[in-house]
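The following features are taken from TrEMBL:
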BINDING   A:His35, A:His266, A:Arg361, A:Ser388, A:His465, A:Asp473, A:His477, A:Arg524  substrate binding site
SITE      A:His35  site 'Important for catalytic activity'
BINDING   A:His75, A:Gly124, A:Pro125, A:Leu126, A:Gly163, A:Asn192, A:His266, A:Phe441  thiamine diphosphate binding site
BINDING   A:Asp162, A:Asn192, A:Ile194  Mg(2+) binding site
SITE      A:His266  site 'Important for catalytic activity'
DOMAIN    A:358-529  domain 'Transketolase-like pyrimidine-binding'
ACT_SITE  A:Glu415  active site, proton donor
Number of protein chains: 2
Amino acid sequence: MDIKALREAHPEHWMRSTAIRALTLDAVAAANSGHSGMPIGMADVATVLWSKHMKFDAKNPTWPDRDRFILSAGHGSMLIYSLLYLAGDPQITLDEVKNFRQWGARTAGHPENFHADAIEMTTGPLGQGISSSVGFAIAEENLRARHGKQVVDHYTYVIAGDGCLMEGVSQEAIGIAGRYGLGRLVVFWDNNDITIDGKVSLSDRTDQVARFKASGWHVQEIDGHDPEAIDAAISAAKKVTDQPSMIACKTHIALGHAAQDTSKGHGALTNADQNTEAKAGWGWTAGEFDIPADVKSWWEEAGSRGASEREAWEARLAGLSDRKQQEFARVMAGDAPKKLSSVIRAFKKQNADSQPKVATRKASEMVLEVVNPVMTETIGGSADLTGSNNTKTGDMGIFDTEDRKGRYVYWGIREHGMAAAMNGISLHGGLRAYGGTFMAFTDYARPAMRLAALQKTPTVFVMTHDSIGLGEDGPTHQPIEHLAISRATPNMFVFRPADVVETAEAWEIALTQKETPSVLSLTRQGLPTLRKEHKNNNLVEKGAYILADAEGKRQAILLATGSEVEIAMKARDILQAEGIGTRVVSMPCWELFEAQEESYRKRVLPAGPVRVGVEAAARFGWDRWLLGERGREAKAAFVGMESFGASAPAEVLYEKFGITAENVAQKVRDML
Amino acid sequence: MDIKALREAHPEHWMRSTAIRALTLDAVAAANSGHSGMPIGMADVATVLWSKHMKFDAKNPTWPDRDRFILSAGHGSMLIYSLLYLAGDPQITLDEVKNFRQWGARTAGHPENFHADAIEMTTGPLGQGISSSVGFAIAEENLRARHGKQVVDHYTYVIAGDGCLMEGVSQEAIGIAGRYGLGRLVVFWDNNDITIDGKVSLSDRTDQVARFKASGWHVQEIDGHDPEAIDAAISAAKKVTDQPSMIACKTHIALGHAAQDTSKGHGALTNADQNTEAKAGWGWTAGEFDIPADVKSWWEEAGSRGASEREAWEARLAGLSDRKQQEFARVMAGDAPKKLSSVIRAFKKQNADSQPKVATRKASEMVLEVVNPVMTETIGGSADLTGSNNTKTGDMGIFDTEDRKGRYVYWGIREHGMAAAMNGISLHGGLRAYGGTFMAFTDYARPAMRLAALQKTPTVFVMTHDSIGLGEDGPTHQPIEHLAISRATPNMFVFRPADVVETAEAWEIALTQKETPSVLSLTRQGLPTLRKEHKNNNLVEKGAYILADAEGKRQAILLATGSEVEIAMKARDILQAEGIGTRVVSMPCWELFEAQEESYRKRVLPAGPVRVGVEAAARFGWDRWLLGERGREAKAAFVGMESFGASAPAEVLYEKFGITAENVAQKVRDML
């Protein structure tokens, strides 16, 4: 690459973009780890985007109508840290840049949204950024349609690398964005032809331009080091309003460094001589971490360019009616509407009275039918299982190119893309996303589910058909380890409600979280109402509670969740008839029970009685409640699954796998 | 659709393909569940493929040189059951067909490879079939190059639906197949424009033909009900030897039924009147489950068409040298070479002597360097982390279009596609696949990892960078719940070796499995050799064992895995110095320990001493060993992770998260 020619063609731009390059080189060298090549290669694109196009006000990174910038190729984190520092972000100071990848620094190895307001989402696991950005763009379209262009009117810009495009989830994202004509989404592909193992062609020869076009995208191909071409391409992309845009930016990874165009350039460039030589070639004479004053002040001007736009926006917002302003503020803050709790209470009361026998997936739909009309910031959807997941309610409308106000998304057979996009919707602010699939397909959505937990996104994953109770579809579709998977994940609520009332309570908790995603584990099969006595209090909030206490001397405690609470109750009937005092504890949410005070937990699970856990799933994790919490090995047993399931009618499976009331009762007898 | 015209155009073909339709209708109606529309829609394609092209001998479904048939759209399982019954498969009898989806039947809701020999793999989770088929095709290319065309010379045929193509993993598969020019792979796309939620266009408008072409596929578009067009397309596809082929078959789901071309047609068609009407329209007058003799005998002839080819193949095999025949038989049976155990033993001895301090990912490479030359049926690879996963050894060569004998695959940034393809390689027979990625990306590979366990495929997942010990890359890359995820999964071995010797033992076990996949959880950071005294026995086979016993009165047992065994050993030093007799138990494989006799487990974990578990991961699952197995709540503690990790150097993270020898020692002191 002829660096001299680049420098001479656009000398001022060159120094401004090279400020990113120099900071990257210095920070990675100081940390002795990180990824130098990508920020160096994409510095030109980022400079043009941030200085000429992106709507932001560096001092006010949470301004709701800012353009969103997603660094899908998150390993190039020094790109965003450089940009933020240069533009004057109050949180990403020079000290933070110098502290790159150190304990307590905001400048983590990969961008973490909880470390700085200007970081829209956590990226690093490849493909997540581009996939969540689809959700950001959907949120913008939906909110613009609802609240008006005067307060919602922005773009979502994404930088994605070859890795993002090779991850399968990107195909799901591309398909969704193309289908829904997300014209405000602009993806820059850092087309540098290098991955960790070598040239991209080593493992992939896909024509990416043709691939994006096949899904209805507007595509341009440019020299990613030519600021004029970059500028023109962004302008053109913004003008296309009915298609998402992809700009293929031909770049050189680690531009101007000895490692340019090599896979070595992807990683940490820490050779001092080579780095000095690269800076010399770039014409960069400033010291380590030093930015020439003219360059810094130009960048700060770029960073404050949006201030007047922001002020104008604030004026427009102030011009709305009080009611509209309050509603906008409420949804952007993620606060639930006041009506939510009264609606849930009324629903609980009504169902405690009518005591329907319904699958909890159906109960979930019944809850949503009363919640969605009063909580209009919900966006529902399903990965092509709408009728099975029961996620669609009458009032929602369908989100489509012709109806941007629609609140239901047909995600297609794309569990992973759906989960990632839901994260994006939630992260954007102003909306709450929930979406359904079969619980066994937690596996497909996992990378995005974990990211929801890590980046503190209150996405709601509606996972129906949650056990062998789904019957004939067989072991591929029957979750065994999936409760354990989500329960083992930090910062995730896993709800397995036992009936319609618990389902309502679980939804209430899920929909009022601000930093914790929820998994709703729901049955295919019908379940009786067990909570027959109405209580205003949300009992699921305690995580576990005494559903039915022992009559007479308390000799046994049965702990169960979801569909197996009914079995525990039947086992209790058998045991009580034999004079064995038996308590049933419903445990709809382990994480919430764990968070209760010891005194409460002790009241629910006192020492002494024998304990049997009942759950149509793996025992893995149950010992905490059976052997721990004052339990004892010799006085604890579990009735559940020890293998994968099988294909047969549900009742047969419960019988064959021994998950029966009689079996539970026998375990109790055996231990007494 | 003009059924009459179809019938008249090819009357004999029509009746033969309609035998599939009728059986499907009857079996689904009898089960009152299942998916009728797909087998009805794809009956013509399947009939032409199975009768005119597919090389198989119905009575000998395990013939190694058979063509492979993968029903990626596994919900259409009645298609394959019908085909097998009609063609005379000895296992899929008419009784089995009548028992569709019932307990104990081979005819499960989705095809399960462990229920019938002719079912090549378990399908149902969408996208898995098409992705594993890439592995089948790679295996065929590789084995053909090695063993010669006279014994390996077959095709892999796949039927995929819209769901398979929408799943992201299909893009990974398409990319891999295109890159490696897998000319023996032929995918039929059941282009019926219907998904569960409605028309495909509801959620996707991707031009699939353009998409496949973008990745280098040969693509044809045909009327999927025209037997001549189907025949011609298959012939053309077979002739293309340097590109995989996709045949887009325009079909009508539930052809000729009232539910034709609707999403209702996707599911179970159980309305008796409509079914009767459909049969009448088809011209099908036979009774329920009845196949006219002429049709059945034609199908049986098709099923035995391959018998002479098989006999010729057997003669060719018999013509090979004894050594070659034995080797072929050995690898097809999945037997490890005799030399393996002696090579492993020598390696262990050498390293017990030299006591290197190496990361277990490096130790793994050292093992592979001695194993791969004697176990040439291994196929290694990595999802673009070759240098980090240490999966490539000097002797392997690179699998490529120019070198089909190469045993290392650059899978690209496609963890899921890699895992699925590895399953396919293993399922094909004759090869053993292992492949690497970062352990946190277990999440990406999960659907295929679960399927490996369910369908009993001994794939080896090399998961490096297995804790916060990876350091600066931060929480997105640091596994916390991933040990729990794989441990909670039935039929999966999770190995977390503590040093180079345990790593060798783990590999030996993994490479000798026939029905169980293995996860190798390996460190990024260096670890000392702890097994300093050579033992011929494989201690990892016991799952857990006493690494260092207490001196003096045994007051504490420290249980640890992998990198934390070193910490436990240091804690033991501290405690012993204080006169507290401390045993260290290394637990490299919980599943194997669980399988030991009670007497052995009791010897390792006796009642009495306090216990501390040490693992840089979630506690989830640990209570089995801490509170169970004679443990007690008041005398047990855990040192590990209670949250996601962070970005900082590894040593800092261990310190900050409190995973230190001193902390372990303190927990012991607190409980004594």
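Glycine is no exception: its Cβ is also placed from the backbone N, Cα and C atoms.
A quick note: this is a predicted structure, and the numbers were derived from the prediction, not measured.
Sequence-distant neighbours of A:Pro125 (thiamine diphosphate binding site) (same chain, six or more apart, CB under 8 Å from its CB) are A:Gly74, A:Pro447, A:Arg450, A:Leu451, listed in sequence order. The CA atom of A:Ser388 (substrate binding site) is located 43 Å away from the CA atom of A:Ile194 (Mg(2+) binding site). Using a CB-CB cutoff of under 8 Å against chain B, the binding-site residues that qualify from A:Gly163, A:Ile194, A:Arg361, A:Asp473 are A:Gly163, A:Asp473. Annotation: A:Ile194 are the binding-site residues among A:Gly124, A:Gly163, A:Ile194 whose CA atoms are within 10 angstroms of the CA of A:His266 (substrate binding site). When the Cα atoms are compared, A:His465 (substrate binding site) and A:Gly163 (thiamine diphosphate binding site) turn out to be 33 Å apart.
Nearest by CA distance to A:Asp473 (substrate binding site), out of the recorded positions A:His75, A:Gly124, A:Ile194, A:Glu415, A:Phe441, is A:Phe441. In the three-state DSSP assignment, the secondary structure recorded for A:Ile194 (Mg(2+) binding site) is strand. Under the three-state DSSP scheme, A:Gly124 (thiamine diphosphate binding site) falls in the coil class. Distance from the CA of A:Asp162 (Mg(2+) binding site) to the CA of A:Leu126 (thiamine diphosphate binding site) is 9 Å. Cα-Cα distances to A:His477 (substrate binding site) place A:Phe441 within 10 Å, out of the binding-site residues A:His75, A:Gly124, A:Asp162, A:Ile194, A:Phe441. Sparsest Cβ environment among the recorded positions A:Asp162, A:Glu415 (other Cβ atoms counted within 10 Å): A:Asp162.
When the record's thiamine diphosphate-binding residues A:His75, A:Gly124, A:Pro125, A:Leu126, A:Gly163, A:Asn192, A:His266, A:Phe441 are compared pairwise by CA position, the greatest distance found is 34 Å. Shown in sequence order, A:Gly161, A:Asp190, A:Asn191, A:Asp193, A:Thr195, A:Val200, A:Ile253, A:His266 are the same-chain residues outside A:Asp162, A:Asn192, A:Ile194 whose Cβ sits within 8 Å of the Cβ centre of the Mg(2+) site.
Its own atom aside, the Cβ of A:Ser388 (substrate binding site) has 19 Cβ atoms within 10 angstroms in the protein chains shown. In this structure, A:Arg524 is the one among the binding-site residues A:His35, A:Arg524 with the smallest number of other Cβ atoms inside 10 Å of its Cβ. Across the structure, A:His35 (substrate binding site) and A:His75 (thiamine diphosphate binding site) are spaced 6 Å apart at their Cα atoms. Farthest C-alpha pair in the substrate-binding residues A:His35, A:His266, A:Arg361, A:Ser388, A:His465, A:Asp473, A:His477, A:Arg524: 48 Å apart. Confidence for the domain 'Transketolase-like pyrimidine-binding' (A:358-529), expressed as mean pLDDT, is 98. DSSP assigns A:Ser388 (substrate binding site) to a helix. Under DSSP, A:His465 (substrate binding site) is assigned to coil, being neither helix nor strand in the three-state scheme. Distance noted between the C-alpha atoms of A:Asp162 (Mg(2+) binding site) and A:Phe441 (thiamine diphosphate binding site) is 26 Å.
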